[in-house]
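Listed in TrEMBL for this protein:
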type	residues	note
BINDING	Cys420, Cys424, Cys447, His453, His456, Cys459, Cys479, His482	Zn(2+) binding site
DOMAIN	415-492	domain 'Recombination activating protein 2 PHD'
Amino acid sequence: MSLQMVSAVSNSSLVQPGFSLLNFDGHVFFFGQKGWPKRSCPTGVFLLDIKQNELKMKPATFSKDSCYLPPLRYPALCTLRGNAESDEYQYIIHGGKTPNNDLSDKIYIMSLVSKSSKKTTFQCVEKDLGGDVPEARYGHTINIVHSRGKSVSVIFGGRSYTPLAQRTTEKWNSVVDCLPSVFLVDFEFGCCTSYMLPELQDGLSFHVSVARNDTIYILGGHSLQNNTRSPSLYKLKVDLPLGSPAVTCTVLPGGISVSSAIVTQTGDTEFVLVGGYQSDNQKRLACNTIVLEDNKIEIVERVSPDWPSDIKHCRMWFGCNMGKGSVLLGIPGANKQSVSDANYFYILRFKGAEEDKEEELTAQICSQTSTEDPGDSTPFEDSEEFCFSAEANSFDVDDTDTYNEDDEEDESETGYWITCSASCNIDINTWVPFYSTELNKPAMILCSSRAGHWVHAQCMDLSESMLLHLSEANVKYFCNEHVDLNKGLQTPKKVVHLKKQPMKPLRKKATMKLTTPTKKSFLRRLFE
């Protein structure tokens, strides 16, 4: 068991309580970001690349036939395999909260299409359901059970908003416990069936569930109605005959009063329970080992890690299962400094029972006095038992397809994230797309001065229409700093055009020329 602190390098502000982690072939992917996705990663799914104690989040893509998947907090997740012998599996995602605090009642199936060192592509499909469809909720669980050669998923618990008929102005957005119904979902036919069991009286949320064959064990959880954390341990058994399914529930002793705990699998029948809260203002620092056999469960306390003072003294913590016996834990940055938006992360790795025995045996051998000649013994550094890796990908099954940062160019020096000019303000950690043509990298243009160099279009104050014109026209471009060498097209300066009012044409007034007869002409005409 080891506890290691990792420093977040990029996109750490997207991690928030309620996120989820997906493990495909030893590669861990993040889902459930803070806020709505941006154009830099429209899927909202990131590869967690952890190297040399540094955590980087790299965007993943969806295939063209995928549906839209909103970032969901506190959804229910589980893995679905095609058959018992197949190594390929999919993830089922149900429910959760959107960034607008709307609750989702949809169910998605996500599968890995392709994975390379530079690009990961998923397929996400929304599954249509009929029958007793579970209402929108969050903080619940979903598991897969197998019986008589058939498989169904089981949904239980969670919270939802108060029904519209029961809402008041003061408690319009208040949440309540979902009814303690057990839902069976058949993905082959897309039908749902609900069951009310007398042993389940109170609704539970943020509980823990582990499954083996046709049995699910539920422990812990919080009840809003009673404001308690259940100490009960429930055993759900699902039978899938040719007719209607049968669901039974048994209350067992030896439960744990905890909520928001994390479970990670360390062996075929062994799980580890860590984290969570034992009261509203007290974290649970103890750890337990859960062993599932054919028809029984055994829960024993195990040695807890040496928690650092930052974790001991913080008021809240959050995390998720990374798979392969590892857990990602986070604490708010306000516990360490005044920057409240930042989080600090730890990776807790557990070992299975066989690995613990090997480590204990090795420690006993090393503690004994050696009677051999030191020259004939194996050097300590070359012993495989003592070769520990500090990377989170140490549990990868296949390292041949693992992302290797050394295979790529260093974009911070020779790529898109250079300092192109004295006024350059492009930062890899704070950059957001500026032009509609940008996705996850800033637009750049070549300056034709001397040997030539690349500059950011945004730093050159180029409009989007001008940038498109330069990309299509066969002309030379010179940046703002080399404007004296202009032999082609410069960056156009902003010219303020004065609006001139059109002059109205003057209308000629019609004039009449009047002639007044003189007195002499009047007398002459009078006497004639």
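For all residues, glycine too, the Cβ spot is worked out from N, Cα and C.
TrEMBL feature annotations superimposed on the structure.
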residue: Cys420; record: Zn(2+) binding site; Cβ within 10 Å: 24
residue: Cys424; record: Zn(2+) binding site; Cβ within 10 Å: 14
residue: Cys447; record: Zn(2+) binding site; Cβ within 10 Å: 23
residue: His453; record: Zn(2+) binding site; Cβ within 10 Å: 15
residue: His456; record: Zn(2+) binding site; Cβ within 10 Å: 23
residue: Cys459; record: Zn(2+) binding site; Cβ within 10 Å: 19
residue: Cys479; record: Zn(2+) binding site; Cβ within 10 Å: 22
residue: His482; record: Zn(2+) binding site; Cβ within 10 Å: 16
Task: For the domain 'Recombination activating protein 2 PHD' (415-492), the mean pLDDT of the predicted model - done: 77
Task: Cβ-centroid neighbours of Zn(2+) site Cys420, Cys424, Cys447, His453, His456, Cys459, Cys479, His482, 8 Å, sequence order - done: Ser421, Ile445, Trp454, Val455, Met460, Asn480, Glu481
